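A.B. asks: Can you keep this structure in mind? I'll have questions shortly.
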Amino acid sequence: MKSDPDPLIIDTPTSPVTSGLPLFFVITVTAIKQGYEDWLRHKADCSINECPVDVVQQGKVVRTQSHKLRVGDIVVVREDETFPCDLILLSSSRHDGTCYVTTTSLDGESSHKTYYAVPDTMAFRTEREVDSLHATIECEQPQPDLYKFVGRINIYTDKEEPVARTLGAENLLLRGATLKNTQHIYGTVAVYTGMETKMALNYQSKSQKRSAVEKSMNAFLIVYLCILISKAVINTVLKYAWQWSPDRDEPWYNHRTENERQRHVVIRAFTDFLAFMVLFNYIIPVSMYVTVEMQKFLGSYFITWDEEMFDEELGEGAQVNTSDLNEELGQVEYVFTDKTGTLTENNMEFIECCVDGNVYIPHAICNGQILSAASSIDMIDSSPGGYRREHEDLFFRALCLCHTVQVKEEETVDGIKRGIHQGRPTSFYISSSPDEVALVEGMKRLGYTYLRLKDNYMEILNKDDEIERFELLHVLNFDSVRRRMSVIVRSSSGKMQTREYLLFCKGADSSIFPRVVSGKVEQVKARVEQNAVEGLRTLCVAYRRLCQSEYEEACHQLTEAKLALQDREQRLAQAYDIIERDFVLLGATAVEDRLQEKAADTIESLHKAGMKVWVLTGDKMETAAATCYASKLFRRSTQILELTKKRTEEQSLHDVLFELNRTVLRQRSISGLSVDCLDFGLIIDGATLSAVLKPNQERANPSNYREIFLEICRNCSAVLCCRMAPLQKAQIVKLIKASKEHPITLAIGDGANDVSMILEAHVGIGIMGKEGRQAARNSDYAIPKFKHLKKMLLVHGHYYYIRIAELVQYFFYKNVCFIFPQFLYQFFCGFSQQPLYDTAYLTLYNISFTSLPILLYSLVEQHVTMETLKREPSLYRDIAKNSLLRWPVFLYWTCLGVFDAVIFFFGAYFLFDNTTFTSNGQMFGNWTFGTLVFTVLVFTVTLKVPFLNYQRMYYVFMQMLSSGPAWLSIILLITVSLLPDVIKKVLCRAVCPTATERAQKVGAAGALEGFVAPGTATAAEESNERDLLHRDRTCEGDKATRTYDSMMSHSHSTPLSKP
């Protein structure tokens, strides 16, 4: 009877616990972290889904939970409550059927926005009236655009035909928004609940960002995996070569069974290969990933705890939304920044206005009369004529009527007392746009006061203290494509003698001037350009009188477009384009947005650190360029290169690109022979950028323009991109990321329009600005002000990269030191897979003996003081381009680990060869030899004596240390192992010291200054050393190669032994 073959059993050289415990530890720690985060998300989901909501059922208010809401429910929302779903506003506690809402959690806009009830339901005041409504709502399918909604409500009454009313974005209250300064509203759920709401559709899963250090770790890990396989293959081959001779087949005490001998040689070789893989698997630093995660998580608290990055005005400090990119802060090469609210304060102040070339400045008032300031365009005319006076009044009325400003007269708004003057409440303005508030307040200072919007009538108080009333007929809202807004009003009282229809329009100069048919265009245009050069934000104002037939035609076009369910946006745009034409130009305004504190110093420091700063803004070129000069992005010596629509109209895009490319290349060849370098700055607008990036089939090489553009940008120290749309900002960042150098990019902004580039960049930083928190929530890090970026990068980024780079290299080094003696030991045990170390050492080496000291070191190491890093931004260049984790440095550490492992093994082998060390004459055995090697190893890589609480090996350990020669061997072998690194450091510092090493020497001299007698040359020496730091910094300085050990001299760190 034939017996079943024996199963394949691999006799592993180590126990399952020894091999599995480190992996179990790693998986457990990761699972705990992920489980904790999942629990927090589940807790947050429950708090949202189970929040109480009031709904109207059978004429009564009933409380339920938000996840039980269904389409068609009528919801009651009270002041300061958040809308639980997307609602159509039916009625409000305000008599005009409006309510005020903040959408900070949606688009980052913190200002109050006005929403309007359906006209036929705005009179409902009680639950019974609302519950008696019979209507149906038709609307588009759910889509994520927050500012677009197309729908229609059909209200059924006693009549046979239902009444149809249009529904737009002004009627839709979005989930996540908050009701403000309105007691309550009634809203019916449209078709958007749960995951169909616009907020849910805007949930964007952020792409996983991986740092350069993490990519290097993975590459190094592949190398060590290859080394592991190579070791296993070599030992397997050598084992069978050793056993080829019959007398070396197996020792007598380890005879194989007959079944093992009859097993096929390929199967036996495969089992031996797997056994060697298990024996040498400790070369793979599994615990490194847990240590790195702990270092990143704990290290991120240093940013949140930094008191210098705390803003007293906001009452907040820096925030860390993800700790996975800490070290990436030390590798930034390109910084992309927004302008308004990031470089500037986004605090608008009305400066002046220009009417037909005459400039008016607030406070320039004499005897109660407004006087225009002297200007280069026209001198003051103290007695303006009738035509000028008419345009002056129309201009001031236009700015008082053409806006979406709300007037508040309450004493308390959002819990804050505002508008209190001499104990009485006075009015103040709020709006979604700070520019509009500045303009209306400016008009108030010039004598025209906007009072209120009541019953669809706008009231203004003119400079003669007369109230003028205008019926608001239509509002043509502002959008980023038209870049203008308009209102159609009808005068009903005041100085306007006839009840005429007026169309007032304000917008960017590029959108107003082409539509103007009369007015003093050249004078106004000259003033606009002058203000733009000075860095002021400008708007142009125009008007048009409409006759009865023109108004009726405009009403018909607008109504028809608003009622359309298909292509409503396109039809409205066509209607606006037809109505907004044939303007009479009235004038222009200038508003100032001041530069943030220390913004110029921050940009200058970033330049010295070797980073290139790009400003991406939607402002006009002249305004943005003036801000760039004020912030020192451009210097007066900077040669500006323009790649704008104006220039491409004069020349072809092809000619302009090649001309600019020749300019920068010619200057680079000249600067290569000269000490001085000419600084270039590039200005490009959105239209030209689209032409550069747009693939054209007529070109022989569609990507040619893109490469030329990148070549020009590489040779410019700063780039200004103006008239940029949010999508174009992200395209710019993506273009630089994908270039052949693959630089590390950082994007910083404060508004919702900056979110796209923040998500696209390697590192995204949001500023807690006045445009809301959308940017801060979507960023990796959030800071209160732009000035805090300096310390974030130059100090924290520098420290994080140094610490994590040393941690990674150290882990690979110590694992080579640990496992290579095991490889050498196989040559002395007949390749029998005999372990050199005890199982306790194998298990605890990476978990506790060597991981905890390096973790502590990687959290507190400061190789250079914070003051030095802030004072010398050029030190940032020493760690650029992942210099401490390059392949030469990695190979150096690996070879050093092999060298130390050879010293450990053969030093112990030759010192103990045929020698007795114990008092009873016994020779050291196998475990004693392995323990000695392990002890030297641990001492060398950590300089700490481990406490062993393992009883069996405790006596072996004590027996070894009872011998004098053993102590001598430990000291001697440690000294020899550390000697190469010491020699290398001394020679490198003496022959070619880096800027960081010079800074360390300066810091050491400063520390010793207190111990030197007065009058010595210490101060002079320190000054000389500081001068050295600035020497040899040429235009190509950032290309100088840096070695890892140039950064390893520690003047302020916890002692740690390095190879």
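Even glycines carry a Cβ here, placed using N, Cα and C.
Curation does not apply to TrEMBL; its annotations are automatic.
Checked TrEMBL, it gives:
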type	residues	note
DOMAIN	52-113	domain 'P-type ATPase A'
TRANSMEM	219-242	transmembrane segment
TRANSMEM	273-292	transmembrane segment
BINDING	Asp338, Thr340, Asp750, Asp754	Mg(2+) binding site
BINDING	Asp338, Lys339, Thr340, Glu436, Phe478, Lys506, Arg537, Thr617, Gly618, Asp619, Arg723, Lys729, Asn753, Asp754	ATP binding site
ACT_SITE	Asp338	active site, 4-aspartylphosphate intermediate
DOMAIN	776-946	domain 'P-type ATPase C-terminal'
TRANSMEM	840-860	transmembrane segment
TRANSMEM	890-912	transmembrane segment
TRANSMEM	924-943	transmembrane segment
TRANSMEM	955-979	transmembrane segment
REGION	1021-1059	region 'Disordered'
COMPBIAS	1043-1059	compositional bias 'Polar residues'
A.B. asks: When you scan the chain for residues with a C-beta under 8 Å from the transmembrane segment (890-912), skipping those not six or more beyond its ends, what do you find?
C.D. replies: 216, 220, 223, 809, 812-818, 820-821, 824-825, 828, 924, 929, 932-933, 936-937, 940, 965, 969, 972-973, 976-977, 980-981, 1044-1045, 1059
A.B. asks: Round to the nearest Å and give the CA-to-CA distance linking Asp338 (Mg(2+) binding site) with Arg537 (ATP binding site).
C.D. replies: 15
A.B. asks: Can you tell me the CA-to-CA distance separating Arg723 (ATP binding site) and Thr340 (Mg(2+) binding site), as a whole number of Å?
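C.D. replies: Between the Cα atoms of Arg723 (ATP binding site) and Thr340 (Mg(2+) binding site), the distance comes to 13 Å.
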A.B. asks: Roughly how wide, in whole Å, is the group Asp338, Lys339, Thr340, Glu436, Phe478, Lys506, Arg537, Thr617, Gly618, Asp619, Arg723, Lys729, Asn753, Asp754 that binds ATP, by largest Cα to Cα distance?
C.D. replies: 26
A.B. asks: Over the domain 'P-type ATPase A' (52-113), what does the predicted model average in pLDDT?
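C.D. replies: Averaged over the domain 'P-type ATPase A' (52-113), per-residue pLDDT gives 81.
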A.B. asks: For the transmembrane segment (219-242), what are the same-chain contacts with Cβ under 8 Å, counting residues 6+ beyond its ends?
C.D. replies: 248, 265, 269, 272-274, 276-277, 280-281, 283-285, 808, 812, 815, 823, 826-827, 830-832, 890
A.B. asks: Out of Thr340, Asn753, which of these binding-site residues shows the lowest number of other CB atoms within 10 Å of its CB?
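C.D. replies: Output over binding-site residues Thr340, Asn753: least Cβ neighbours within 10 Å is Asn753.
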A.B. asks: For Thr340 (Mg(2+) binding site), which of the listed binding-site residues (Phe478, Gly618, Asn753) have their CA atom within 10 A of its CA?
C.D. replies: Gly618
A.B. asks: Tell me the residue counts in helix, strand and coil for the domain 'P-type ATPase A' (52-113), as DSSP assigns them.
C.D. replies: 7 helix, 35 strand, 20 coil
A.B. asks: Do me a favour and check the Cα-Cα span between Asp750 (Mg(2+) binding site) and Gly618 (ATP binding site); whole Å is fine.
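C.D. replies: Rounded to a whole number, the Cα-Cα distance is 14 Å.
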A.B. asks: C-alpha of Phe478 (ATP binding site) to C-alpha of Asp754 (Mg(2+) binding site): distance in Å?
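C.D. replies: Given the Cα positions, Phe478 (ATP binding site) is 19 Å from Asp754 (Mg(2+) binding site).
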A.B. asks: Starting from the Cβ of Asp750 (Mg(2+) binding site), draw a 10 Å sphere and report how many other Cβ atoms land inside it.
C.D. replies: 31
A.B. asks: At the level of the C-alpha atoms, what whole-angstrom distance separates Gly618 (ATP binding site) and Asp754 (Mg(2+) binding site)?
C.D. replies: 11
A.B. asks: Out of Asp338, Phe478, Arg537, Arg723, Asp754, which has the highest number of nearby Cβ atoms, where nearby means within 10 Å of its Cβ, if these are the binding-site residues?
C.D. replies: Asp754
A.B. asks: Distance between Asp754 (Mg(2+) binding site) and Arg537 (ATP binding site) at the Cα atoms, whole Å?
C.D. replies: 19
